[in-house]
Amino acid sequence: MGAKNNVTEFVLFGLFESREMQHTCFVVFFLFHVLTVLGNLLVIITINARKTLKSPMYFFLSQLSFADICYPSTTIPKMIADTFVEHKIISFNGCMTQLFSAHFFGGTEIFLLTAMAYDRYVAICRPLHYTAIMDCRKCGLLAGASWLAGFLHSILQTLLTVQLPFCGPNEIDNFFCDVHPLLKLACADTYMVGLIVVANSGMISLASFFILIISYVIILLNLRSQSSEDRRKAVSTCGSHVITVLLVLMPPMFMYIRPSTTLAADKLIILFNIVMPPLLNPLIYTLRNNDVKNAMRKLFRVKRSLGEK
C-alpha cells in the first residue's frame with residue numbers, strides 16, 4: 001500500500017474563496033480562538049487556585065476545559081494562517097497529525113462529558129455515598145479512561161486512513177484534514193474503511209448520547225422526592241451539562257449517522273463543532289454556577305491587591 005502513495009502534501013480548499021470573506025474569517029476566528037483559550041484557562045486556574053472547588057465535578061470541569069483548549073488548537077491556528085496564502089498546503093505527515101489530534105481531543109471531550117454525567121448521577125441519586133464512591137482514585141480512573149478512550153478512537157481513525165494509497169488528486173474540500181474527505185481521494189475501494197469510520201465515530205456519539213439521556217431521566221425521577229432547593233441546584237448544574245452535551249454531540253451525530261452524502265453545510269457544521277462548544281463552555285458553566293463566579297471574583301481581588309502592593 002505504502003509504495004503506491006505518491007502524494008506528499010494536500011491542498012486545502014478552506015471555507016471561502018473570496019479574499020474579503022477570508023479576511024473576515026481571520027478576524028472572527030482569531031478573536032474566537034483567543035477567547036476560547038483565555039476563557040478555559042481562567043476556569044482551570046480558578047478551580048486549581050480555590051480550595052472550595054475541589055469536588056469531583058470541578059475536577060472533571062478542569063479536564064474538560066483543558067480538552068476544550070486543545071481541540072480547536074489542532075485546526076483553527078492553521079486555518080487562521082491559511083487566510084494569508086492563496087495555496088493552502090499541508091504535508092502528508094502534518095495532515096495525519098491533524099487528523100489524529102482532532103479526533104483525539106474531540107473524542108476525549110465526549111468521554112469526559114459521559115464521566116461528568118456519571119458524577120452528577122451519583123451526587124443526586126446516591127448523595128450519602130457520594131464521597132465514598134467518587135473518591136480521588138475513582139475520579140482519576142474515570143479521567144484517565146476518558147483520555148485513553150479518546151486515544152484509541154483517534155488511533156483507529158488515523159491507522160485506517162494512513163494505510164490507504166493516495167495517487168492524486170490531492171485537493172481536500174475542507175479547511176482541515178478529516179477522514180471523509182481523505183477517503184474520497186484514496187485510489188482504492190474505501191467502502192469497508194468508511195463503514196468502520198462511521199461505526200467508530202457515529203456509534204461513540206450515539207452511545208454516549210443515550211447513556212447521558214438515561215442518566216438524566218433517572219436523575220429527574222429521583223428529584224421528585226427531594227426538596228425544592230435541592231431540585232433547583234440539581235437542575236441548574238445538570239442544565240449546564242445538558243446544554244454542553246447537545247452542543248458537542250449533535251453535530252457529529254448528524255455528520256456520521258446520516259447517509260453518506262456531500263452537503264454544502266457539512267463544513268459549517270464541522271466548524272461549529274470545533275469552535276462553538278469550547279468557546280461557550282466557560283460561559284455555560286460559570287454563568288449558572290455561583291461557586292465558580294464567587295471563586296473568580298476572589299481570585300481577581302487577590303490579583304488586584306497583589307498588583308497594588
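Heads up, the Cβ atoms here are built off N, Cα and C, so glycines get one too.
Relative to the membrane, G14 and M296 occupy opposite sides according to Swiss-Prot. Here the transmembrane segment (194-217) has long-range neighbours at 103, 107, 110-111, 113-114, 117-118, 120-121, 153, 156-157, 160, 179-180, 183, 238, 242, 245, 249, 252-253, 255-257, 260, meaning same-chain residues at least 6 beyond its ends whose C-beta is under 8 angstroms from one of its own. Stretch with the most C-beta contacts under 8 angstroms to the transmembrane segment (138-156), considering only 24-47, 99-118, 268-287: 99-118. Around N6 (N-linked glycosylation site), a 10 Å sphere centred on its CB holds 11 further CB atoms from the protein chains shown. By number of Cβ pairs under 8 Å, the transmembrane segment (99-118) is matched best by 56-77 from the list 24-47, 56-77, 234-256, 268-287.
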